[in-house]
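Engineer: Quick one: the structure is below, and I'll ask about it shortly.
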């Protein structure tokens, strides 16, 4: 019983070690906190953060600058402003903030508010923000040798010259120029910590790819002052991810563009040829306005804008040609005959090249439809007439044969029935009247066929021209699409 009580009062060896270690850690922390307060009071007793911390005023104070790009928040192409989230690290040596760490129990660094120490007035030269507020008042790390490291986050809005000539396959270069606002190069010198900006913590952007952020130091002498002013320029190289614009702006335009040549394939009697061209033109106008809203108002027309303008010009030309071809198609009997050169070039050669057949004829059954057409023509001219007369009138070269047959029948009738003079006279008069009527009908049929043949020839000319321009515009749209896609490669 006594032994159990003693064991409960005496802690285990492991528990004792943990308790001793925790007690020692707290003692060390309290000791460091004591020395830190003592050090802080001694350092800032006579310290002023208003003056440059150098023992010799002729000595240059070197400031090391490092920029870490964390995120691209926005790229406003229309206003040419880049909004980025940066981590800015500045480090320098303060000649009046040094101590012997052995006198302060090995305390080698302390963290204090940044507004207590002198800070270089390094600003973003090409800032495009209306807010001119002070930097974020974060703590600085002060080392025993006087080195001060100041890490501060910043959301910067900088001016960026945006070149949209190859939009949406463009690349942009935006400069971030940092330098002292009041100190010249003989007082404060800026040194690059790295040859480029740090991109290790960059959050991937949905629209832009980062291809580098090189840093270059410049020393510039301005016209107002004779002293040199150094600055560090970080060039942010951006490449646009064009997938969004390809699927939402470019592909719809290409598909709509291929509808324009199909307007030539529509039958002229459908009445929708001009309507199709106007509809396609209005659709492209809507896309053109969408691109104009996001682009800056500059002299450089973007690549997709040029494609839209070229396509709209092509569709306007196709609509105008469609109107002209429709006028050719509807040439009737009042029109002049097809010229000989058009008959040879268009009707003989081009119709074979573009596989254009006569109106009412196709490649499967041309002969049957021709026979039906001739039958309908005969029924329209002489409905209900004698079959023999219709068959004789169907051929233009048989008019004289019909007339000779009728004259022979007339003479024969008059000779056989000469004994009945009254009947012979009446019979001869009927035959003469019949001959005149048949001659009139034959002339009407001849004129009708001539006029119809003339209209058919003009319709075939219009159809050949439709096919010709359809392939021409198809080739134009194809090469334009290949050209704009080639720019993306």
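Glycine too: its Cβ is placed from the backbone N, Cα and C atoms.
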Engineer: For the feature transmembrane segment as recorded in TrEMBL, pick the matching range from 215-237, 307-329, 330-352.
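Structural biologist: So the range that TrEMBL calls transmembrane segment is 307-329.
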Engineer: From the ranges 244-268, 369-393, 394-418, 419-443, grab the one TrEMBL calls transmembrane segment.
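Structural biologist: Within the set 244-268, 369-393, 394-418, 419-443, TrEMBL attaches transmembrane segment to 244-268.
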Engineer: Restricting to CB pairs under 8 Å, which listed stretch, 244-268, 307-329, 468-486, is in contact most with the transmembrane segment (274-295)?
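Structural biologist: Of the candidates 244-268, 307-329, 468-486, 307-329 scores highest.
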Engineer: Short question: which residues 6 or more past the ends of the transmembrane segment (468-486) have a Cβ under 8 Å from it?
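Structural biologist: Long-range Cβ neighbours of the transmembrane segment (468-486): 250, 254, 257-258, 260-262, 264-265, 303-304, 307, 310-311, 314, 318, 321, 325, 350, 354.
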